[in-house]
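Here is the structure we will look at, set down as structure tokens.
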Amino acid sequence: MKKISLPKISIRPVIDGRRMGVRESLEEQTMNMAKATATLLTEKLRHACGAAVECVISDTCIAGMAEAAACEEKFSIQNVGLTITVTPCWCYGSETIDMDPTRPKAIWGFNGTERPGAVYLAAALAVHSQKGIPAFSIYGHDVQDADDTSIPADVEEKLLRFARAGLAVASMKGKSYLSLGGVSMGIAGSIVDHNFFESWLGMKVQAVDMTELRRRIDQKIYDEAELEMALTWADKNFRYGEDENNKQYQRNAEQSRAVLRESLLMAMCIRDMMQGNSKLADISRVEESLGYNAIAAGFQGQRHWTDQYPNGDTAEAILNSSFDWNGVREPLVVATENDSLNGVAMLMGHQLTGTAQVFADVRTYWSPEAIERVTGHKLDGLAEHGIIHLINSGSAALDGSCKQRDSEGNPTMKPHWKISQQEADACLAATEWCPAIHEYFRGGGYSSRFLTEGGVPFTMTRVNIIKGLGPVLQIAEGWSVELPKDVHDILNKRTNSTWPTTWFAPRLTGKGPFTDVYSVMANWGANHGVLTIGHVGADFITLAPMLRIPVCMHNVEETKVYRPSAWAAHGMDIEGQDYRACQNYGPLYKR
């Protein structure tokens with residue numbers, strides 16, 4: 001089956017069409033802007049899968065309807081997912097703009113004095129606003145000379161931010177969310193909303209009963225040689241934690257081996273269901289070999305599966321990580337408890353950064369006073385105002401241990417193409433696999449346990465659906481916190497100590513939901529959240545309006561908020577603008 005091509009970025013150089021001197025004097029400068037933009041994007045960006053980003057430049061500068069149509073014809077067969085229009089001069093607004101209603105688009109108007117690039121930018125954006133096709137504005141802060149071919153830092157930042165978000169939009173379009181199972185324990189996010197996926201993300205939902213996973217395991221619809229490789233890998237790399245179950249619920253060596261085997265098989269089969277696997281065609285399972293074209297998935301697990309079969313913790317943790325028995329590779333996106341809305345936040349984070357995502361319960365707010373009462377320890381530093389305990393039953397990406405290192409030696413999580421095998425091994429070495437607690441998981445399983453290193457910048461996100469309003473996005477930038485070991489042990493043992501932990505301190509603003517740490521916890525819209533490495537809230541804020549999803553809560557500096565220019569016409573308060581504009585334009589793929 002032919003592999004689906006990755007979306008490309010199109011660069012549209014537009015020009016003043018007046019011949020006999022005007023156009024001729026601008027051709028080289030205009031095309032050089034397009035080439036410089038393409039060079040920047042191809043050098044600085046990659047797809048989440050690690051592949052190089054490709055840019056397609058119009059064959060000619062665009063002065064009017066005919067050349068705009070020729071450009072569009074070229075792009076239509078190149079799988080263009082977003083467009084950037086560039087110009088140093090005046091051009092004819094409605095005659096030259098990109099009119100595709102679902103493709104993210106930006107316009108860079110050169111800030112120079114010789115020709116009025118800013119005038120075209122304003123004129124073209126006015127057309128976009130009037131026609132209901134929002135576009136992003138890019139205009140350098142400082143005037144440049146006409147022969148200056150450099151891209152200023154502020155322009156570069158907007159080009160890259162727009163492109164990252166636009167590629168995320170284009171990469172999700174046409175893919176599917178694999179809903180493996182149904183509603184888990186009444187969790188709202190696992191009431192999978194097909195209209196949300198179709199209308200806002202351009203995706204389909206593939207609903208599959210968990211009996212399909214059982215069938216694939218029981219009928220050996222998998223690569224048996226790969227299973228042996230996975231078992232060998234686990235035997236080499238897995239460290240096992242204590243079994244906290246009562247004696248009557250503890251499994252012997254043979255039973256534990258069977259649980260491990262099935263857990264690894266679950267990972268293999270869920271991956272095959274998402275992506276397909278040509279090896280299955282070799283055993284006459286052609287239909288199953290195709291997969292479901294899923295860019296994200298969720299596994300219900302509890303309780304209809306976990307009351308009798310091993311839980312999904314091991315499978316989900318491995319799939320969400322950047323490595324397995326096949327080595328370092330792109331992490332998948334698999335949501336615990338089929339929480340599709342948290343899965344979408346994971347998907348957004350992965351597409352924006354290329355990194356693995358940490359799925360977690362937003363479990364407990366610990367005030368400084370409560371911690372001092374319980375442990376005798378006084379919080380300081382990043383944790384001085386209190387912390388939030390992020391913990392889930394062992395399905396978080398193992399990258400979340402932060403045993404990878406950046407160029408300065410700091411703990412981090414990296415895109416898979418930057419991760420060494422030694423760093424993958426370090427993440428595995430930092431993880432223990434603890435037998436699942438019988439009271440929760442009667443079918444057994446193994447939960448991963450690690451502790452995230454402190455001082456690492458993270459962005460916590462969540463998508464919620466509000467009846468009458470639609471989807472909204474929450475964003476909280478902050479840091480992981482490292483507590484003294486004895487303090488961590490006391491706090492951790494008050495909950496389930498067999499699960500992975502991140503102590504999180506959000507950055508406070510003193511206002512609204514970020515007045516204090518308690519307010520962050522109190523305003524979080526659901527029981528789950530996602531950690532994405534870095535302070536990348538601004539990228540989420542740029543992605544959200546492309547899909548027409550308003551941001552209901554964030555602590556990103558106002559100077560970093562970058563949305564389509566038409567948002568400014570929806571009032572003077574930038575967050576109210578966001579709600580009114582998203583309501584006005586409606587979901588990107590209106591249904």
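Any Cβ shown, glycine's included, is placed from N, Cα and C.
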Site co-member for Mn(2+) according to Swiss-Prot, given E337, H528, out of D313, D324, D361:
D361
Please classify the secondary structure at E337 (active site, proton acceptor) using three-state DSSP.
coil
Quick check: with E337, D361, H528 left out, which same-chain residues have Cβ atoms within 8 Å of the centroid of the Mn(2+) site Cβ atoms?
I187, G189, T336, D339, N342, F359, A360, N392, A526, N527
Entry from the active-site residues list E337, D361 having the most other CB atoms no farther than 10 A:
E337
In angstrom units, rounded to an integer, how far apart are the Cα atoms of E337 (active site, proton acceptor) and D361 (active site, proton acceptor)?
11
Cα distance (Å, whole number) from H528 (Mn(2+) binding site) to D361 (active site, proton acceptor):
4
In sequence order, which same-chain residues at least six apart have a C-beta under 8 angstroms from H528 (Mn(2+) binding site)?
I187, G189, T336, E337, D339, N342, F359, A360, D361, V362, N392, R462
